[in-house]
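Asker: Take a look at the following structure, please.
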Amino acid sequence: MFLGFAVVYGLRVNLSVAMVAMVNTTDPKPSQNTSIIHACPLPAGSENTTDTFPQPEGTPQYPWDSETQGWLLGAFFFGYLCTQIPGGYLSGHFGGSIFLGLGVLGTAALTLLTPLAAQMGSYWLFALRALEGFGEGVTFPAMMAMWARWAPPLERSRLMTLSGSGANFGAFLALPLTGYICQTLGWPAVFYLCGGAGCLWAVFWFIFVSNDPRTHRRISEEERDYIINSIGSQGTGHGWSVPVLPMLLSVPLWAIIVTQMCSNWSYYTLLTSLPTYMDNILHFDLQSNGFLSALPYLGAWLFSTLSGVVADSLIERKVFSITNVRKLFTLAGVLPASALLVAVSYAGCSHILTVTFLTLSTTIGGATASGVYINQIDIAPRYAGILLGITNTFGTIPGVLAPIVTGYFTKDHTLAGWRMVFWVAAGINVGGALVYTIFGSGEIQPWAGTKEESAEAKKDRSRSIST
């Protein structure tokens with residue numbers, strides 16, 4: 001699962017870096033009397049170079065403006081929005097392994113067509129990216145539905161943060177590799193290699209993975225009994241019926257939705273627009289750009305995995321309740337990260353400060369992986385897949401809007417425009433964390449119980465009445 005999400009995020013972010021190489025920034029007919037004003041001074045010796053991204057000869061480039069680039073970077077999320085809830089619902093009923101496997105395989109296969117779509121025009125590329133999002137939308141809800149059947153309650157934080165942190169690891173690998181591949185093999189090779197890796201991963205996934213401990217061919221009897229007994233009746237599928245109205249009226253669920261939307265705004269702003277900032281403002285070359293854009297994700301990967309171990313330890317030792325652990329990790333991840341994001345906007349043209357603040361911001365933000373991001377499985381384990389589908393649908397809206405808003409603020413390529421981008425992201429992020437602190441919960445909700453649990457509760461009530 002970790003490697004699957006590494007591939008998933010590689011497929012998602014490869015366009016962010018490749019875009020710098022795909023776009024012909026030198027206007028074919030520059031007007032002679034205008035000079036370009038750079039927000040930051042160009043590095044010594046680069047004033048007279050026309051092409052800052054050496055690529056193999058004959059590599060095609062396209063004259064897309066920053067608005068078109070914003071739409072292309074956001075296109076993925078239009079499709080991604082559509083399949084979250086259906087993917088979560090069907091994964092909860094049938095099991096998640098088939099949906100996770102097919103989601104990655106479909107996206108990888110479509111990625112192979114990216115160079116062809118770009119050649120046909122920006123509308124075709126937009127449609128292809130939206131289709132990729134459509135395939136990838138089922139992956140996270142399917143993961144949550146699988147862990148509802150596989151993860152013992154006292155191991156949830158570390159199992160889910162470890163597997164989910166593959167996303168950060170994928171971004172960490174894809175960003176520098178994309179820059180390197182663009183310069184050595186040309187940008188089309190990026191999409192062929194990423195797509196091929198996804199197809200290869202799917203083969204191993206379908207060979208080794210099972211929906212449920214009960215149906216796994218190679219699990220030991222001892223481990224199977226331990227998992228099934230510790231999860232209890234919550235580890236079964238939810239059938240076709242889902243308590244939709246109680247879900248819609250659930251305050252803890254809305255707390256997760258609002259907080260994830262707010263937190264994702266800054267995450268997606270960095271994920272899709274950071275390479276552009278490094279290129280247009282700080283003038284890093286594409287290879288350094290890819291490596292430096294990747295550093296924050298290395299930190300987030302390590303920090304989120306560590307946070308899972310600490311969170312489980314606090315719950316296991318009964319130091320804090322599940323509710324307090326989730327709130328603590330959400331606040332610990334959001335508040336310092338937002339302050340550092342604002343600091344980036346005042347670092348000006350200092351390369352060292354910008355990279356340091358961005359890396360620290362995203363690293364510390366990794367703590368939220370043990371907070372609000374796995375809270376769905378606490379409040380309703382059986383319905384965790386569909387709940388993650390619901391929260392991710394709302395949480396993806398910033399993925400569509402953030403690149404477009406960034407494109408609007410930064411059309412003049414000024415530091416003031418980018419400062420606005422970072423301030424907006426930080427403000428939204430803090431607002432979400434406060435909502436979660438007030439309204440969040442880690443308790444199983446009354447509407448999420450199974451028939452067995454309801455019968456048990458009735459027995460307990462009747463016993464207490466008779467005594």
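Cβ from N, Cα, C; glycine included.
For reference, TrEMBL lists these features for the protein:
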DOMAIN    1-444  domain 'Major facilitator superfamily (MFS) profile'
TRANSMEM  70-90  transmembrane segment
TRANSMEM  97-117  transmembrane segment
TRANSMEM  123-147  transmembrane segment
TRANSMEM  159-177  transmembrane segment
TRANSMEM  189-209  transmembrane segment
TRANSMEM  244-268  transmembrane segment
TRANSMEM  294-315  transmembrane segment
TRANSMEM  327-346  transmembrane segment
TRANSMEM  352-374  transmembrane segment
TRANSMEM  386-409  transmembrane segment
TRANSMEM  421-439  transmembrane segment
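Neighbours and distances for these, please.
Answerer: For the transmembrane segment (97-117), the residues of the chain that approach it from at least six positions outside its boundaries are 1, 4, 7-8, 11, 14-15, 87, 90-91, 124-125, 127-128, 131-132, 135-139, 141-143, 146, 187-188, 191-192, 194-199, 201-202, 205-206, 209-211, judged by C-beta separation under 8 angstroms.
Note on the transmembrane segment (123-147): residues 1, 4-5, 8, 11-12, 15, 71-72, 75-88, 90-92, 95-97, 99-100, 102-104, 106-107, 110-111, 113-114, 117, 156, 159-160, 163-164, 211, 376-377, 384-389, 392 of its chain, located 6 or more positions outside it, place their CB under 8 angstroms from a CB of the stretch.
For the transmembrane segment (159-177), the list of distant contacts is 1-10, 12-14, 16-17, 140, 143-144, 147, 150-151, 194, 271, 275, 287, 290-291, 293-295, 297-298, 300-301, 304-305, 307-308, 311, 366, 369-370, 373-374, 377: same-chain residues at least six beyond its ends, Cβ to Cβ under 8 Å.
Long-range Cβ contacts of the transmembrane segment (189-209) within its own chain (Cβ-Cβ under 8 Å, at least 6 residues beyond either end) map to 3-4, 7-8, 10-11, 14, 17-18, 97, 100-102, 104-105, 107-112, 114-115, 174, 178, 181-182.
Here the transmembrane segment (352-374) has long-range neighbours at 156-157, 160-161, 164-165, 168, 255-256, 259-260, 263, 266-267, 270, 274, 282, 292, 295-297, 299-304, 307-308, 310-311, 325-334, 336-338, 340-341, 343-344, 436, 440, meaning same-chain residues at least 6 beyond its ends whose C-beta is under 8 angstroms from one of its own.
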Asker: Report, as numbers and ranges, every residue of the chain located at least six residues beyond the transmembrane segment (294-315) whose Cβ falls under 8 Å of a Cβ in that stretch; write 'none' if there are none.
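Answerer: Cβ under 8 Å, 6 or more out: 154-162, 164-165, 168-169, 171-176, 270, 274, 322, 325, 329, 333, 355, 358-370.
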Asker: Top stretch among 70-90, 244-268, 386-409, 421-439 for CB pairs under 8 A with the transmembrane segment (327-346)?
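Answerer: Most Cβ pairs under 8 Å with the transmembrane segment (327-346) come from 421-439.
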